[in-house]
Amino acid sequence: MAAVITCIVTSLTFCLCSATTSLMGACCGNDKTSNIAPGASSGRKRSVLLLCMAIVIAFAFQYGVAKYIVNISISNYITDAWLSGCNDFDTDDLILRCAGQAGVYRSGFSSFVFFILAAVAVACKRTANREAWPAKYILFLFLVFAMCFVPNEPLFTDIYINIARVGAVFFILFQQIIFVDIAHNWNDGWVDRSEKADAEESGSGQKWLIAIVISAAFLFLVSIVGWVLLFYFFSGCATNTAFISLTIILSLLVTGTQLSGSEGSLLASSLITAYATMLCYNAVTRNPNSDCNPQLGGDDNLSIIIGLGLTIVSLSYVGWSTTADSALGGENNDIDDDGNDEGEDDNPSKEQEKISGVVTNNYQSATTNDDNQSVDEDGGHTSSENVPNTFSNNWKLNLALATISCWFSMVLTDFGSIHADGTMANPQIGEVNMWILVGSQWFALLLYTWTLIAPRIFPDREFS
């Protein structure tokens, strides 16, 4: 009996160890040589996992560690650094809020620095994004640990907070590309299903076209309801009224421009309209005038929930979307994570062109290795030429993730504002953040409008 039990335990141990090894290999990388071409998501998923770790750490610092730091009776270097500038606040609630924001800045700044360094590394070595991931995770955790010893002033409260505000603006613009690409792929996917259903049975594909119209109508309805609520709650002053009115005018302009031509899609216009309405809400809730902002002085939990939801969508897009490479200005490839070529029989969908109009770059199928390889004197292929073109846009991926780091830092801290006097807040913070969000919304809407009218103004140019 003992021998049987020993055999069973040994077998289970072997299986569990093998499974654990495979899981760690999938998360942290593998031992393949760096000249083997990765798939479109080989390094992206691990980068997204690291950013998810940063968000979890930010939550832990804000709602767990901050309370311990504030309530601990023993003063040491870490507590003094963490609470530097926070003791200028009068109430315990504001001190706790300040300490929580300080924790978010430490995690956000660490991930921001990590992805900036990763972008530089990829610019120097094209294969750097897929290598040494265990060491990269350790480096990131070391950065977070080191930031715990750095005082809030001036690195976090003066330098990083302003960098994060600007980075959040760039993320808002990048987020527009994400939503337009999602809407186009969503629209194209349902149109393809409609055509396939019609090919099998005439008239059966009509339900997919109806679904597109219903989805667009629902998003427009959400936007209209949002406009009404914005006017009802936030129209107490001329500034907010002007912002809301311009949001409606620009949204109608975008929709009218799309309907007047063949560019874009109704689904994309409805999604951009809903996105612009959300940005308008975020802007008016940061108006420092209490006469037109009933939420002034309170926790804007709705903005935090919406912001985190957009962050999850963006991370999912960057990590798993098949068109993320083209949206980042690169090319997709037909090589999976194991370095094997995928033929048309294995995955024919990768050969289908991903059309996203003039808003995002056209899908470009990767060239074969034989076209890019050079032959050395012995007749062999050089390894440097065997690296696919998808490596070239990894620096853009890391910059995009750096802006997401800025975005979640601002979302969790209400763009760095604490509603009281103190070193981490001043009366201009809310107004500056309001104009940043409004300007980002205007630019995003006008940019999408330009992508619709540019092919009409310059018909001889290629915008795809």
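Cβ from N, Cα, C; glycine included.
TrEMBL lists transmembrane segment at one of the ranges 104-123, 164-183, namely 104-123. Contacts between the transmembrane segment (48-66) and the transmembrane segment (432-453): absent, as fewer than 3 C-beta pairs lie under 8 angstroms at sequence separation of six or more.
Sequence-distant contacts of the transmembrane segment (135-152) (same chain, at least 6 residues past either end, Cβ-Cβ under 8 Å): 28, 46, 50, 53-54, 57, 77-78, 80-86, 102, 105-107, 109-111, 113-114, 118, 424.
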